[in-house]
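Pulled from Swiss-Prot:
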type	residues	note
TRANSMEM	10-30	transmembrane segment
TRANSMEM	38-58	transmembrane segment
TRANSMEM	71-91	transmembrane segment
TRANSMEM	107-127	transmembrane segment
Amino acid sequence: MAFNKTYIRVGYSCMGMLVGFSAFLVWNIAYKQPWTAAMGGLSGVLALWALVTHIMYIQDYWRTWLKGLKFFMAMGVIFSVLSIVAFISFLCVAISRQQSLTDPTSLYLSCVWSFMSLKWSFLLTLYSHRYRKEFADISILNDF
């Protein structure tokens, strides 16, 4: 029996959520680096939104709530822009302060987590768009 891609996406989103939230806790408690913690937490929240998107797709809730998918797409775009701005800002500040790449409190790790947030916001936008397109086609067919 073939394994459905959606279930792989659910597992991947669960893993991303756990890693993002653990990064939030580690960089807040152990390293006292709030910027890296914030971007790790944002990555975890975006992975959680992607997980919710997949679960609602599996449970067929999106068919009746296409505006919700439009909202998720808008949030994905907004957080993509925010992540790009954060990545560039952290990179510029880390270079200007001549921080070490191996230091766990440097802003280079904030750049990494900004990129991870960008990845999850892009995936949130992509999956919301795909699911919306699929259900929009089905709703057009149901009108006849």
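A Cβ is built for glycine as well, from the same backbone N, Cα and C atoms used for every other residue.
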Q) Where, among 10-30, 38-58, 107-127, do we find the most CB pairs under 8 A to the transmembrane segment (71-91)? A) 107-127
Q | Residue numbers, six or more beyond the limits of the transmembrane segment (107-127), whose CB comes under 8 Å of its CB atoms | A | 9, 16, 20, 23, 27, 33, 35-36, 39-40, 42-43, 46-47, 49-50, 53-54, 57, 72-73, 75-77, 79-80, 82-84, 86-87, 90-91, 93-94, 97, 99, 101
Q: Six or more residues out from either end of the transmembrane segment (10-30), which same-chain residues have a Cβ under 8 Å from its Cβ atoms?
A: 36-38, 40-48, 50-51, 54-55, 58, 109, 113, 116, 120
Q. Who are the long-range neighbours of the transmembrane segment (38-58) in its own chain, taking Cβ under 8 Å and residues 6 or more past its ends?
A. 6-7, 9-10, 13-14, 16-24, 26-27, 68-69, 72, 75-76, 79, 83, 86, 110, 113-114, 116-117, 119-121, 123-124, 127-128, 131
